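In what follows, a single structure is set out as structure tokens and then discussed.
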Amino acid sequence: MSNTVEFARMNGLGNKILVVDMRGRKDVVTAAAAIALNADPATEFDQIMAIHDPKAEGTDAWIDILNSDGTKAQACGNGTRCVVQALAAETGKKVFTFQTVAGILNAVEHEDGTISVDMGRPVFDWDKIPLAEEFADTRRIELQIGPIDNPVLHSPSVMSMGNPHAIFWVDKDPMSYDLARFGPLLENHPMFPERANITLAQVLSPTLLRTRTWERGAGLTLACGSAACSAAVSAARTGRTGRKVTIDVASAPASGQLTIEWRENDDHVVMTGPAEWEWSGVVDPVTGSFTRAQEQGAQAR
């Protein structure tokens, strides 16, 4: 078996994704390889999407997801769109079904190049998110950062979109908050035994939200698809918006928007947005050493 596999550097709204082709192999991308790849500026990433042979009948692939710190992730909406684009370019297919540790994901590439991913149903039960304390209503829980009488952030909505999320509603631009300071404290708060993704969300109109996310296991990120889904669901649950909104991802590149619909007929959350290929190469999934394909020569690391 060759020591190297093909991989591509891609992004979903700037969310840095490495798509690694592990089909036909029995091994996995190791935590050591993930940490090594993230340490190199050329391959620094938010998530690795490792494509494996399907485990279940009727699925196109098993997707193993790793964070930049080497830990496993249960879901990555932006990364899933990147996988769809890569496989659509390879196979000519437009409709895909993937299996992850969080369950089944269905996705479709549209004629305009955007990609929709059915992220499944949100989970609101406190013990399934999970939380360390019991809350009958997870639309708003008791948690704050800052002085008791004047907290900077407080009373988040919490849920799981395959991974734990806390949504803090704010009245000003999410970029104006020091999320690099508060993010690690909240991600690792005792309330979240499996840690959590932390999102600041602002209502700009009844159909438009603005968000910024500290991603569990990755830190500040340009975009997070499951966080955008969680913000949209929280907005609808708390009466701030209807069930279909546009998400303006504050930290994403220009025109960084996602459309999120929390369908009423089945409670599934469908995310639609772009994916972009940047470059490709080969990588050792055990060590993380890679060679980047270039028009003139190649660069080995």
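Cβ coordinates come from backbone N, Cα and C, glycine included.
Listed in Swiss-Prot:
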- ASN15, GLN47, ASN67, GLY77, ASN78, ASN163, ASN197, GLU215, ARG216, GLY225, SER226: substrate binding site (BINDING)
- CYS76: active site, proton donor (ACT_SITE)
- CYS224: active site, proton acceptor (ACT_SITE)
Rounded Cα-Cα span from CYS224 (active site, proton acceptor) to ASN15 (substrate binding site), Å: 7
Sparsest Cβ surroundings (other CB atoms within 10 Å) among the active-site residues CYS76, CYS224: CYS76
Non-site residues, in chain order, whose CB comes within 8 A of the mean position of the CB atoms of ASN15, GLN47, ASN67, GLY77, ASN78, ASN163, ASN197, GLU215, ARG216, GLY225, SER226 at substrate: ASP46, ALA73, ALA75, CYS76, GLY79, THR213, ALA218, THR221, CYS224, ALA227
Cβ-Cβ distance under 8 Å to ASN78 (substrate binding site), same chain, at least six residues away: ASN11, GLY12, LEU13, ASN15, ILE17, ASP46, GLN47, ALA223, CYS224, GLY225, GLY273, ALA275
Inter-residue C-alpha distance, ASN197 (substrate binding site) and CYS76 (active site, proton donor) (nearest angstrom): 12
Candidate binding-site residues ASN67, ARG216, SER226, pick with smallest Cα gap to the residue listed as 'active site, proton donor': SER226
Around the Cβ of ASN15 (substrate binding site), the count of other Cβ atoms that are within 10 Å: 31
